[in-house]
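Peer 1: Following this message is one structure expressed as structure tokens.
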Amino acid sequence: MAERVEASSVPEGENTIEEREVGAMWELEQKLDQPMDEEANKLNNMYREKGLSMLMLLRLSFQSLGIVYGDLGTSPLYVFYNTFPDGIDDSEDVIGALSLIIYSLLLIPLIKYVFIVCKANDNGQGGTLAIYSLLCRHAKVKLIPNQHRSDEDLTTYSRTVSAEGSFAAKTKKWLEGKEWRKRALLVVVLLGTCMMIGDGILTPAISVLSATGGIKVNNPKMSGDIVVLVAIVILIGLFSMQHYGTDKVGWLFAPIVLIWFLFIGATGMYNICKYDTSVLKAFSPTYIYLYFKRRGRDGWISLGGILLSITGTEALYADIAYFPLLAIQLAFTFFVFPCLLLAYCGQAAYLVIHKEHYQDAFYASIPDSVYWPMFIVATGAAIVGSQATISGTYSIVKQAVAHGCFPRVKIVHTSKKFLGQIYCPDINWILMLGCIAVTASFKKQSQIGNAYGTAVVLVMLVTTLLMVLIMLLVWHCHWILVLIFTFLSFFVELSYFSAVIFKIDEGGWVPLIIAAISLLVMSVWHYATVKKYEFEMHSKVSMSWILGLGPSLGLVRVPGIGLVYTELASGVPHIFSHFITNLPAIHSVVVFVCVKYLPVYTVPEEERFLVKRIGPKTFRMFRCVARYGYKDLHKKDDDFENKLLTKLSSFIRIETMMEPTSNSSTYSSTYSVNHTQDSTVDLIHNNNNHNHNNNMDMFSSMVDYTVSTLDTIVSAESLHNTVSFSQDNTVEEEETDELEFLKTCKESGVVHIMGNTVVKARTGSWLPKKIAIDYVYAFLAKICRANSVILHVPHETLLNVGQVFYV
């Protein structure tokens, strides 16, 4: 090694010898392992918005009923009972409650969500994780720093740029300034995600139980246990059919929900005309004031029941990916909203006259002639609404897995037409057990309603917080507009939240327990994922070490292609050095494969792979980054291996055509390192007679020797007069030779080399970290799907390399 020179002895403006060497090696490493930003194809205007005819818009609005509004549409089944669980004392209380329902529907679903929040979508994708992805593109808030500037060139990587000095730029700088702010943002996002998972348990339970409750209304002597049993049977059937997908029966959803809305709207209009038209005075907000003045604390607590009238709003936002925003706005404004208002007004008109029927207001207000048809349609609508929530939960879990926030689970694509229709067996059975447990344990709608309301209002609060950042960073709204939106949203939602707090001991604790367990799982998994990535980054092998091994890497190069999987998008991973140290042989062609997820909903197939060469051509080492969005799936018939090798062949052709001569952009490592190569072979050969500890000693000495020869590794330009290159081969011949070699290696066999990593807490770590890593994460890693299973790697071509990471 060169002697170290103190900075004080070097003239100003000059670098030390050591600094010059380090700088030269850094420059060389950058040239040999270049950023991957040149060869990806760009699809221009792939997602250009297309104009829709009015007929097509109406058709899509109709279809959106079955997917988007099933959950929101079934709320009339249970709202009034949960608002007055102890009975109705004064008919004016019904008018006050109706007024609250009307303005809740107006402010939250209609104004806030349909016309404001739904515009904050990620290329059509909604939900808390979609908002988080949008924020990750506009600010550096992602905790796993595996992105590269080439990712920003993706067709789907849309973002806006803030003007320097603007309020948006200041907000961005503030958010990126501290690590704890990024973590706090992620915790908020995960909290909303956990509550949405809780919705996947509570929505089917309360919807199906409320719908089947109609049996008892027509037969008052029937035991309540029979109603619960019927609901459980329907729930078991619903979850058992999930693996078939909704592709074959999905066409029924929209007609069922359409008939449901027409039924409740017509019934509501009938009841208004028959019982009491004066309920229409509830459109005056004065009755809200009189309601709270008259009922006091009890009126405030009843907001927990009123809240159920807007449940399903978050599901509406999460499901907007299937339809144009304008179609959703038309369907809600001109059909769903009026039908819901008529339904609630009709029930209120009935309750003003028949206060004793507060427990079954919906079914009791139905005319006898249409009772059983309404019961059948109500049950169908409850199933459709539950199906939409269950499917939404699958999508949320899929997104969480892609963000590194949830253990790997099996995901099955159930439709050939629609990318978003998936099925998660593991999550499905957990949801089913949760639904059955909630339905059988509580039995009463009011207790499940309290739990449901708690989950819904917390998701809304999380959405409001994220919308503030969207309005500042993405939309660049004036801070006064942001302040008005924040104040109005928090005023309404915190009012509801303060009411559900009083009902935590009456069922409201259920979503909190579900959220706590889910948040623990997701937080620990993400924390361990970040620590694994940091460990790999710090332990990656330098290019100088690779160059020191020579063209054959100091190993026996056996025929075939080795795909070495790693989390790193740059640098040589630790798994490679660990592998060749213990097994001194490697394939003739080595490809480091990094499968990474980006904060975009999808990556087009044409832009999926990025390929670069590592080191000189004689090394035959490449890097391939396979990029996916959070909605993309690893399907078994994707033919990942062939697509990767096809992209590699294309890269070789393009690279050869772009080079004027075969040696124009390559770098030689043969000068003065032949001895290093021979010594390395001898060292590894001697390792066969020693134990593992001796292997590591030999490996260390080999690295030390390589480092001592760093000053002998220089670019090809400086060696032009020393090393002779053959200029006889044409570009076509060189390309043909390398492609033929690649084809021969492929025929010899492709081996997938993956790390079987055990993560342990470093000695001296504090107790919570040891529990999280050594017990919670270890358990989750043991029961989750292996990477090889997720990527559909054939078992016969898989080679696992054991590693232990101390984080």
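Each Cβ is built from the backbone N, Cα and C atoms, and glycine gets one as well.
Found this in Swiss-Prot, in case it helps:
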- 1-59: topological domain 'Cytoplasmic' (TOPO_DOM)
- 81-96: topological domain 'Extracellular' (TOPO_DOM)
- 118-185: topological domain 'Cytoplasmic' (TOPO_DOM)
- 207-225: topological domain 'Extracellular' (TOPO_DOM)
- 270-299: topological domain 'Extracellular' (TOPO_DOM)
- 344-369: topological domain 'Extracellular' (TOPO_DOM)
- 391-417: topological domain 'Cytoplasmic' (TOPO_DOM)
- 439-454: topological domain 'Extracellular' (TOPO_DOM)
- 476-481: topological domain 'Cytoplasmic' (TOPO_DOM)
- 503-507: topological domain 'Extracellular' (TOPO_DOM)
- 529-807: topological domain 'Cytoplasmic' (TOPO_DOM)
- 60-80: transmembrane segment (TRANSMEM)
- 97-117: transmembrane segment (TRANSMEM)
- 186-206: transmembrane segment (TRANSMEM)
- 226-246: transmembrane segment (TRANSMEM)
- 249-269: transmembrane segment (TRANSMEM)
- 300-320: transmembrane segment (TRANSMEM)
- 323-343: transmembrane segment (TRANSMEM)
- 370-390: transmembrane segment (TRANSMEM)
- 418-438: transmembrane segment (TRANSMEM)
- 455-475: transmembrane segment (TRANSMEM)
- 482-502: transmembrane segment (TRANSMEM)
- 508-528: transmembrane segment (TRANSMEM)
Peer 1: Residues sitting near the topological domain 'Cytoplasmic' (391-417): Cβ under 8 Å, six or more positions beyond its termini, same chain?
Peer 2: 127, 129-130, 132-133, 144, 186, 190, 193, 196-197, 199-200, 243-247, 315, 318-319, 423-428, 431, 521-522, 525-526, 529-530, 597, 628-635, 780-781, 783-787, 789-790
Peer 1: Can you find at least 3 Cβ pairs under 8 Å between the transmembrane segment (323-343) and the transmembrane segment (249-269), where each pair is 6 or more residues apart in sequence?
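Peer 2: Yes, the transmembrane segment (323-343) contacts the transmembrane segment (249-269).
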Peer 1: How about the transmembrane segment (370-390) and the transmembrane segment (226-246): at least 3 CB pairs under 8 Å, pairs 6 or more apart in sequence, or not?
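Peer 2: By the criterion, they touch.
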Peer 1: Considering only the recorded stretches 60-80, 97-117, 186-206, 300-320, 508-528, state which has the highest number of Cβ pairs under 8 Å to the transmembrane segment (226-246).
Peer 2: 186-206
Peer 1: State, in range form, which of 60-80, 186-206, 249-269, 300-320, 482-502 has the highest count of Cβ pairs under 8 Å to the transmembrane segment (508-528).
Peer 2: 186-206
Peer 1: Thinking of Cβ pairs under 8 Å, which stretch from 97-117, 455-475, 482-502 has the most of them with the transmembrane segment (186-206)?
Peer 2: 455-475
Peer 1: Pull the DSSP breakdown for the topological domain 'Extracellular' (344-369) and write it out as helix, strand, coil residue counts.
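Peer 2: Secondary-structure breakdown of the topological domain 'Extracellular' (344-369): 22 helix, 0 strand, 4 coil.
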Peer 1: Count the CB pairs under 8 A between the transmembrane segment (60-80) and each of 97-117, 300-320, 455-475, 482-502, then give me the winner.
Peer 2: 300-320
Peer 1: State the residues, same chain only, that lie 6 or more residues beyond the ends of the transmembrane segment (300-320) and have a CB under 8 A from a CB inside it; answer 'none' if no residue qualifies.
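Peer 2: Counting only partners 6 or more residues beyond its ends, the transmembrane segment (300-320) has Cβ contacts under 8 Å with 67-76, 78-85, 97, 100-101, 104-105, 108-109, 113-114, 117-118, 121, 124-127, 196, 199, 203, 292, 328, 332, 340, 344, 385, 388-389, 392, 395-396, 449-450, 452-453, 456-457, 459-460, 463, 495-496, 498-500, 502-503, 508.
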Peer 1: In the same chain, who gets a Cβ under 8 Å from the topological domain 'Extracellular' (81-96) while lying at least 6 residues past its ends?
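Peer 2: Those are 279, 281-282, 287-288, 290-292, 294-295, 299, 302, 304-306, 308, 348, 351-352, 355-356, 358-361, 445-446, 449-450, 453, in sequence order.
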